[in-house]
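*Asks:* Just passing along the structure, written as structure tokens.
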Amino acid sequence: MSEDFYDVLGVSRDASKDQIKNAYRKKAAKYHPDVSDEEDAEEKFKKVQKAKEVLTDDEKRQMYDQLGHERFQQAQKRGAGGGGGGRGQGNPFGGGGNPFGGMGGGGFEDIFNNLFNGGGGQRRSRPQQGRDVAQRITIDLEDAYHGVERDVTIRRREVCPECDGEGHPADADVNTCSECNGSGQQTTVQQTPFGRVQQTTTCRACGGEGKTYSEDCSECRGSGRVRRTRDVTITIPAGFRDGQRLRYRGEGEPGENGGPNGDLFVEVNVRDHEEFDRDGDDLQYTHPISFPQAVFGATVEVPTLDGEAELKVPAGTQSGSTFTVSGAGMPHLDGRGNGDLHVEIHVVTPEDLNSEQREALKQFAEAGGEEVKESLFQKLKNSL
């Protein structure tokens, strides 16, 4: 992958911000370490993130276009360290004499603070929290009703067990870094469109340690991290809704420089049910009854996610009428009761009638003043 940020995203140098963002989304989806099987996916993903960060920031992009890739990267390499230094420390943009100060947020002062970090001495690496890990799981509505435990397999970076995260064998020879003479820093003078700027950066050869080792760990190749899979037990509480997420602190990737682990986020998807439709914590259900039950009324049993429930259907009930079974819906997440079950009645019109049934319906129609014709039964069907 090319180092140039425009090449990394595959866009032209006059690309709009929207084009850059669209290109970033495609590249990020391709190289995300949780998705891609490429060995260098993580490195490519970081390059894509960095390219997007710079090219969608108007001021950083302007600096990048002016300085070029190499100069811009040198200016940003892990910061120049220390703050507070003024012109006397070699940074013409530091201290109270900063000619670009007082311009408000986002001015040139911010640019040089971001790029050169004030210019002065060494800046110690701060503890950083590890990356979060995302996972998705699908459950049935019955599982969401009762609550359930599931094991999910996650893939994440972990501290290398071979070298305990050091990146080298315990018996490796230790040498003073020849690049920085053991200081852990390198000082360079950078020519910018605004003049010469002195930079003190973390030594790339030793990573700021001031020492190097005779060999790298054979397991992690010096990175101190290895990619592993592990099972995590997920507890989904009763009443969980489709699309909600669970957070498990510390189950993500290990932190850097003593920082805490990242977190694990699990998105729960709930499958559609064959009989019930969910609306928040309420459930919708359609229940069929016979024509006589609709006429005379009846007590019927309707299914719920926790067994059967009795429902009284009053005489003269029409198709489409809705009745409520209180507390027969989904549990509330706070544990305080349940939603309701709303039952829509569907009156089933008989299709095949024997002679007695047909005669009874004719008498029913005549008693109601209906003219008995061949279309009577169809009319009854349409009226129900």
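Using the three backbone atoms N, Cα and C, a Cβ is placed for every residue, glycine included.
Grabbed the feature section from Swiss-Prot, which reads as follows:
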{"type": "DOMAIN", "residues": "4-68", "note": "domain 'J'"}
{"type": "REGION", "residues": "74-105", "note": "region 'Disordered'"}
{"type": "COMPBIAS", "residues": "79-105", "note": "compositional bias 'Gly residues'"}
{"type": "REGION", "residues": "113-132", "note": "region 'Disordered'"}
{"type": "ZN_FING", "residues": "147-229", "note": "zinc finger"}
{"type": "BINDING", "residues": "CYS160, CYS163, CYS217, CYS220", "note": "Zn(2+) 1 binding site"}
{"type": "REPEAT", "residues": "160-167", "note": "repeat 'CXXCXGXG motif'"}
{"type": "BINDING", "residues": "CYS177, CYS180, CYS203, CYS206", "note": "Zn(2+) 2 binding site"}
{"type": "REPEAT", "residues": "177-184", "note": "repeat 'CXXCXGXG motif'"}
{"type": "REPEAT", "residues": "203-210", "note": "repeat 'CXXCXGXG motif'"}
{"type": "REPEAT", "residues": "217-224", "note": "repeat 'CXXCXGXG motif'"}
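Surface or core, plus neighbours and distances: that's what I need for these features.
*Replies:* Per-residue pLDDT, averaged over the domain 'J' (4-68), rounds to 85.
Around the Cβ of CYS217 (Zn(2+) 1 binding site), a 10 Å sphere holds 22 further Cβ atoms from the protein chains shown.
Note: the repeat 'CXXCXGXG motif' (160-167) comprises 0 helix, 0 strand, 8 coil (DSSP; helix = H, G, I, strand = E, B).
Applying an 8 A CB threshold to same-chain residues 6+ apart, the list for CYS180 (Zn(2+) 2 binding site) reads GLN186, CYS203, ALA205, CYS206, GLY210.
If you look at the repeat 'CXXCXGXG motif' (177-184), the same-chain residues 6 or more away from its ends with a CB under 8 A from one of its CBs are 122, 202-206, 208-212.
Sequence-distant neighbours of the repeat 'CXXCXGXG motif' (217-224) (same chain, 6+ residues past either end, Cβ-Cβ under 8 Å): 159-163, 165-169.
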*Asks:* Six or more residues out from either end of the repeat 'CXXCXGXG motif' (160-167), which same-chain residues have a Cβ under 8 Å from its Cβ atoms?
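*Replies:* Cβ under 8 Å, 6 or more out: 213, 216-220, 222-226, 254.
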*Asks:* Cα of CYS160 (Zn(2+) 1 binding site) to Cα of CYS177 (Zn(2+) 2 binding site): how many Å, rounded?
*Replies:* 24
*Asks:* Neighbourhood of the Zn(2+) 2 site (CYS177, CYS180, CYS203, CYS206): other residues with Cβ within 8 Å of the Cβ centroid, in order?
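*Replies:* Here the nearby residues are SER178, GLU179, ASN181, GLY182, SER183, GLY184, GLN185, GLN186, ARG204, ALA205, GLY207, GLY208, GLU209, GLY210, LYS211, THR212.
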